[in-house]
Amino acid sequence: MKHIPRKRFGQHFLADQAIIDAIVRAIAPAPGQPMVEIGPGLAALTQPLVERLGRLTVVELDRDLAQRLRSHGQLDVIESDVLKVDFSAVAANLGAPRIRIVGNLPYNISTPILFHLLEHVGVVEDQHFMLQKEVIDRMVAQPATSDYGRLSVMLQWRYAMEDVLFVPPESFDPPPRVDSAVVRMVPHAAPAPVAPRLLEELVQVAFSQRRKLLRHTLGRWLEARQFTGTFDTQRRAEEVPVADYVALAQACA
């Protein structure tokens, strides 16, 4: 029986074989590698991956799809909301110090998923995700551009990222109303040591009114923390490089 895509799960199933082949080439799975796929759906990407890996763990929220996937002898199915999955525990269960994570992420919750995975980055080898193109543009954006923001800073602090493949709407069933792309995310081997929650709070305050000078937002936040160091608040949030935000968070710790 044909599965009807569910809007509440943000389901858009990949159906273009040429795009699927290109994604698999970008991921380059090798036999025996511990890999987790988020949102396998109708297994368009799952099947070519598991053929190369031998075994694959998948996270699927849709009960009907999870039931279908369980009939595949080479898949280990976690039926769950991805935001509730402890990826560190998944890695431990696989006996792997690091896991590779891939997926066609639901566009309606892609940013929360990225922040959730940030909490488990210590067990991540790399990540390849299909996302809304405009989200990837924000992820890889440079300072002094309109796309540069909280997502750019938080993810660039922890990952090296690149946009590896453009995916048009007609590659999906049903077609989304937006362009898509695939991003590769590789954790930095030695990221600057900083408390993630502190950096996130600092960056959120900075970008809360991005058109204003930082003295009106971050300046007041720093005053409240009785910060005595030096930081140029005569700039707008989008003009401050990632390294400066990280250094400020370190100074505030």
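Just so you know, glycine gets a Cβ as well, placed from its N, Cα and C.
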H12, L14, G39, D81, N104 bind S-adenosyl-L-methionine per Swiss-Prot; candidate in E60, E125, E134, E162 listed for that same site: E60
Residue, out of the binding-site residues E60, D81, whose Cβ gathers the largest set of other Cβ atoms within 10 Å: E60
Neighbourhood of N104 (S-adenosyl-L-methionine binding site), C-beta criterion under 8 angstroms, separation at least six: H12, L14, I38, G39, G41, L45, F129, M130
Local backbone state of N104 (S-adenosyl-L-methionine binding site), from DSSP in three classes: strand
Largest separation between Cα atoms (Å) of residues that the record links to S-adenosyl-L-methionine, namely H12, L14, G39, E60, D81, N104: 20
